[in-house]
């Protein structure tokens, strides 16, 4: 969102959840949503970066901020986060699936199985878990409404594992 588009967008009363929200694009999106008046929840696995982002984002815009340490690949942690968000803000109107990790770009014959499992869990299962929970909340609203944004990288064009997850995420969203 550019500064001019956020000035024209009023998201007062809306709640946005951004996974991987403590750094880079996630933090920038959180700031933009806050400036547009939305309440914003960010989650990240990196506790130190989460504290820094929380300090930087607090007081940005008219919305409130909730920062939580959570592993997007853990369904129980995801449910606890949604419970906290709905207890504080009542709903989730926008979900941004931004959390992702990269592999080491190893050829398939050399891929470490534990790394494979972790990349699939964070980059593909995580957005599925969060989208499922967000849809349940969105559909319970008096007027069902909401938006889910899935962030993917250009790695989908390469032969890397993270790129394959981006392709899988794009296909999940079509169903």
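Note: Cβ is positioned from N, Cα and C throughout, glycine not excepted.
Going by Swiss-Prot, these are the annotated features:
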BINDING   18, 71, 98, 132  NADP(+) binding site
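Feature map: annotations from Swiss-Prot on the structure.
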| residue | record | Cβ within 10 Å |
| --- | --- | --- |
| 18 | NADP(+) binding site | 26 |
| 71 | NADP(+) binding site | 17 |
| 98 | NADP(+) binding site | 27 |
| 132 | NADP(+) binding site | 11 |
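Reduced to three states, the DSSP call for residue 71 (NADP(+) binding site) is coil. Our reading of the NADP(+) binding annotation (18, 71, 98, 132) yields a largest Cα to Cα distance of 16 angstrom. Reduced to three states, the DSSP call for residue 98 (NADP(+) binding site) is coil.
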